[in-house]
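**Student:** A single structure is presented below for examination.
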Amino acid sequence: MAGSGWDGVTVIDHPLVQHKLSLMRDRNTSTLDFRRLLREISMLLCYEATRDLELTTATIETPLTTMEAPVLAGKKLVFASILRAGNGLLEGMLDLVPAARVAHIGLYRDPKTLVAVEYYFKAPDDLHERRVIVLDPMLATGNSSVAAVDRLKERGASDLRFVCLLAAPEGIERMRAGHPDVPIVTAAVDERLDSHGYIVPGLGDAGDRMFGTK
Ligand code: URA
């Protein structure tokens, strides 16, 4: 794990994460491999995003004796997937925390204005009692991320994290300005956005690459 020079942003500089990310960036990587790598890398990102979950102890019997063993305490998790690309991160996260609840937030970027337009929202009722980990592989303009966190907060969420694969400086600035209380976990901070709102050097359209739609 490394600081990033940005307040509230953690860049996961683990060699496995960086290697898998480079494979995903390569335009010659197939849909099959892209999806597999995304699932693997999301487990590693989840590991980092849950690093500060509270522990308590429970009394258990090992084959040899009784012990006070550490177990998760406190708030239960919700993974909030920003459709559709967020679902690529979701699978690996659920591999690690299978009991987590899941929220889905449908947002698309208006191709002209790049503004986030909502078309679907479904989340557990008790968001105020849970830690919410918001998932979107690409933090680009930040419009979708800010809109998703707005909606989750309106529905009661107050303990949130944002996990992405790649972040652009523009998206980080927008998220930090809009939601300074929401820490960001990412595998890399890239150079910039292009005029269409794509991250450069980036990896292209994450949804298209994971679902093979282009
Ligand atoms: N969404 C993507 O899928 N890729 C980008 O580069 C930016 C937003």
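Glycine is no exception: its Cβ is also placed from the backbone N, Cα and C atoms.
Bear in mind that TrEMBL entries carry predicted annotations, made automatically and left uncurated.
Here TrEMBL flags 11-213 as domain 'Phosphoribosyltransferase'. Annotation source TrEMBL lists 5-phospho-alpha-D-ribose 1-diphosphate binding site at ARG84, ARG109, ASP136, PRO137, MET138, LEU139, ALA140, THR141, GLY142, ASN143, SER144, ASP205. According to TrEMBL, the feature uracil binding site maps to ILE199, GLY204, ASP205, ALA206.
How buried are the listed features, and what sits near them?
**Tutor:** In three-state terms derived from DSSP, ASP136 (5-phospho-alpha-D-ribose 1-diphosphate binding site) belongs to neither a helical nor a strand segment and is classed as coil. Other Cβ atoms within 10 Å of the Cβ of ASP136 (5-phospho-alpha-D-ribose 1-diphosphate binding site), summed over all protein chains shown, number 27.
With a 10 A radius on its CB, GLY204 (uracil binding site) counts 16 other CB atoms from all the protein chains. Under the DSSP three-state reduction, GLY204 (uracil binding site) is assigned to coil, being neither helix nor strand.
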**Student:** Of ARG84, ASP136, GLY142, SER144, the binding-site residues listed, which put a C-beta under 6 Å from ligand 1? Please answer none if none do.
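**Tutor:** Among the binding-site residues listed, not one has its Cβ under 6 Å from ligand 1.
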**Student:** Measuring Cα to Cα, how many Å separate ALA140 (5-phospho-alpha-D-ribose 1-diphosphate binding site) from GLY204 (uracil binding site)?
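**Tutor:** Approximately 11 Å lies between the Cα of ALA140 (5-phospho-alpha-D-ribose 1-diphosphate binding site) and that of GLY204 (uracil binding site).
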**Student:** Have a look at the binding-site residues ASP136, MET138, GLY142, SER144 and say which one has the shortest Cα distance to ILE199 (uracil binding site).
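**Tutor:** If we rank ASP136, MET138, GLY142, SER144 by Cα distance to ILE199 (uracil binding site), first place goes to MET138.
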**Student:** Taking only the binding-site residues ARG84, ASP136, MET138, which one has a CA atom nearest to the CA atom of ASP205 (uracil binding site)?
**Tutor:** MET138
**Student:** Calculate the distance in Å between the alpha carbons (Cα) of ASP136 (5-phospho-alpha-D-ribose 1-diphosphate binding site) and ALA206 (uracil binding site), and round it to a whole number.
**Tutor:** 9
**Student:** Quick check for you: of the binding-site residues ARG84, MET138, GLY142, SER144, which have their Cα within 10 Å of the Cα of ALA206 (uracil binding site)?
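**Tutor:** Those close enough are ARG84, MET138.
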